[in-house]
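> Before we start, here is the structure in question, set down as structure tokens.
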Amino acid sequence: MSHRINIITSDGTKDNVNVDLSFQNFNSLPTSTGSSITQSGRLLSLDIFRGLTVVLMIFVEYAGGIYPTVNHSPWNGITLADFVMPFFLFIVGVSLALAYKNLSCRLIATRKAIYRGIKLFIIGLFLQGGYFHGFGYLTYGVDIENIRWMGILQRIAISFLVASICEIWLQATNFRVNSGRSLLKKYRLQCAMTIMVTVIYLSLFYGLYVPDWEYQISSSKTEIFSVKCGVRGDTGPACNAVGMINRKILGIRHLYTKPIYGRIKACSVNSPSNGPLPPNAPSWCQAPFDPEGLLSSLMAIVTCFIGLHYGHVIVNFKDHKHRIQQWLIPSSSLVLLGVICEYGFGMHLNKALYSFSYMCVTAGAAGFLFTAVYVMVDVWGYSKYWTIVLKWMGKNALLIYVLVSCNILPVILQGFYWKRPENNILRLIGIGH
């Protein structure tokens, strides 16, 4: 899907081009910015960064079950796997800044952004709502009463939609940028939106009262588990405001049924891996909890806004030195702020809650990695041979995600069996027992 825009070339003349704004082509550039731009108009370093993130996603998806230190942190703390989601959100933000550099009609761009956001949300709902049953089953379909409303692609869709609307409508036109301060002034409304979203998250997270609550697990139709709370600002698995909002608005039946905190020592004898419940395990250990819920998505939106800022640097600064400087300063500041929040104020790094400190550290890390890729590709020119696979993966990130992370490929392979469904290809090679 393309959008026709006017650009001003280096010699001052105007021209019309079609810019591809589909999900995997958000980094199309309408004009040369001094970077390594391919013939199709894509920013090469961003494709490679996205490809690296896809490689990281695949690695932690399969290695996480073998090496717990690679897998997502059961609760507080951060591991290699916990960087994947923020990296994708950061990439979406950078891409939007480049794709919406010049717009001929904001209403048309808004309509297309809404359409893409809804489309991506529906894809995520189909893939992660429980329609595909995964390993061990050749069945499919989902009971609407128990469908999972949120998920990874849904969170990306929400963040993309909010960030794209802000990028389309909340930027000053005909504003000359010659410094970091003037860059912030040009996008001051977006900065205000970022601060407002952060304040809303922190206010709700630490200010909402979390009452006692109850739940039933799907295998038990009679036993009711009670969880005692009655607190504010709790950051534990049972009584946080993130889980309460999800239970109240989405409904407890529509949450992720395999909570990440099921691997902590209090809930698993095999911690940090999954395992049987230990004696005297807390009543909340089997309660549903969605790591991509509503309140935590606010910090995901902020990560996307930070990516927008890095994209604005590309759009408004033409030489490598100024770009790198404008990237390294916020990257360092974000990581430092996250560390201070963790050790100075007890705001733990936590992916499931998408805590403020977690957002700062992961967004800063994304900024550092993107800067490193930019230096290697755009400054030093190392982009001919070793990046071919990464470029391809970066251009097809959504397809790879669907095949790898949502069990589509395993489900397809399970469809080929000998005499009985249990004798499928995956079982023969030792997968899915």
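Placed from the backbone N, Cα and C atoms, the Cβ positions cover glycine too.
TrEMBL feature annotations, pasted as is:
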type: DOMAIN; residues: 42-166; note: domain 'Heparan-alpha-glucosaminide N-acetyltransferase catalytic'
type: TRANSMEM; residues: 48-67; note: transmembrane segment
type: TRANSMEM; residues: 79-100; note: transmembrane segment
type: TRANSMEM; residues: 120-140; note: transmembrane segment
type: TRANSMEM; residues: 152-170; note: transmembrane segment
type: TRANSMEM; residues: 191-209; note: transmembrane segment
type: TRANSMEM; residues: 294-315; note: transmembrane segment
type: TRANSMEM; residues: 327-346; note: transmembrane segment
type: TRANSMEM; residues: 352-377; note: transmembrane segment
type: TRANSMEM; residues: 398-418; note: transmembrane segment
> Would you confirm whether the transmembrane segment (48-67) and the transmembrane segment (352-377) meet the contact rule of 3 or more C-beta pairs below 8 angstroms, pairs 6 or more apart in sequence?
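Per Cβ check, the transmembrane segment (48-67) touches the transmembrane segment (352-377).
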> Which residues, given as numbers and ranges, are at least 6 beyond the ends of the transmembrane segment (294-315) yet have a Cβ under 8 Å from it?
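Same-chain contacts beyond the flanks: 33, 35, 43, 85-86, 89-98, 101, 150, 155, 158-160, 162-163, 166-167, 183, 186-187, 190, 193-194, 197-198, 200-201, 204-205, 241-242, 245-246, 249-250, 322-323, 326-327, 330, 334, 352-356, 358-359, 362-363, 366-367, 370.
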> Please average pLDDT over the domain 'Heparan-alpha-glucosaminide N-acetyltransferase catalytic' (42-166) for the predicted structure.
88
